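Take a look at the structure below.
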Amino acid sequence: MAKARYLQDSDDPFIFIRKLFVDYGYSRIINSYNRFIFIFHTCSLLLEGYYIIKNFSIDFFTQYGGATNLILYFLVTQFIVIIKQDFVHQIVEESKSLYWSMDFLDVNKQAQILQEMTKLKRKIYVLWMSTVIFAIMMLPVWGDYSEAHLFPQIYQTYFGNWSPIFYYFYVSTFPFAAYTGLRIAAMALYFTLIIHFQIILLNQKILQIAQERDTSQEEIAKNLRSCVCQHVTLKRFVAKVLKSIENAVPVYFCLAILCLITVLFVILNNLDTSTSNHLKARFLFAGIYGTVILYTFTEAGQLLSEINDQVFNTLMQCPWYNWNTKNKKTLMIFMLGSLKPVQIVWGGVNVDYKFGGSVIQTCCSYALVLYQMRNAK
């Protein structure tokens, strides 16, 4: 049986996601720009808060709440991306010595697996196109921002003749903000996709053990140990990643859900008002953008949930009755270890498709309640 070679960049079916959201996002120039606009947006948001306190009105929430919450979400995302930079680089480097390539499989099986991964990538890329559309819709060529954003009014109030400089720099950061808002979900999905890919390879390795009837017991033991070690390594890697984000997940999810509720409320509130069509379109795509980010997380959680039973079911196909006692014990230990679930959990709830559907339903319900309260006589 061929020995598995470690995964190289050229073998990674999801290398584009890593290049775009990890390598490019943490490059020296982009990382410096990200930190600078984080400081700029933070100062701008604090100035908005000061202005709201001085001129408080409930209309500020209905008119400016959606855009303000979006900016707050972008800031939290930028902050998490910045503080997790060293950790992301660390796990990327570690993974290079953990992942297998497909070299031990025949050409037909490799093509079959790559075809499956390509279908998965296409689905994700099509959904992520909403981020590009949202970024384009936020450009100033589609109309001004005074209807939904406070910053034009604030810059004019506090900076006077200098306000255009701050105004145009602020709006120039919107496409990058849309990219940054997706980064955490995209990086989580990348690491989940690559684990999913590795589990598929692990299952193929186990099937090779099961199908080669003439292999000696010593060779079976060697291949079994290799599979056990790889499975344990992958689970430890996933556990390490999940542990590193467990403190940030509650804050991130709570803010993201609050932001989605506010955006949905603003969409409902603007349907029967005289606001411009470009503003309605912007918030419509903002809602779609938020839903896509939620889907990206649930896709990652769903993939992790699905791999829980895959290894166990594959091990069931092994001809254990032809093996010696030592190999049978190894198989039993392997099967027991494969039963322990690996999943993204928030508040005791597994983040998967069902969770995503519940969040959308809850957000729509709360947005509708806020809309009805707003229009109550």
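Backbone N, Cα and C atoms are what each Cβ position is placed from, and that goes for glycine too.
Summarising the annotation, TrEMBL assigns transmembrane segment to 36-53, 65-83, 124-145, 165-195, 249-267, 279-297.
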Tell me if the transmembrane segment (65-83) touches the transmembrane segment (249-267). I count contact as 3 or more CB pairs below 8 A, with pairs 6 or more residues apart.
yes
Do any residues of this chain, six or more beyond the ends of the transmembrane segment (124-145), have a C-beta under 8 angstroms from a C-beta of it, and if so which?
17, 67, 151-152, 168, 171, 174-175, 178-179, 181-182, 186, 189, 276, 278-279, 281-282, 285-286, 288-289, 292, 295-296, 299
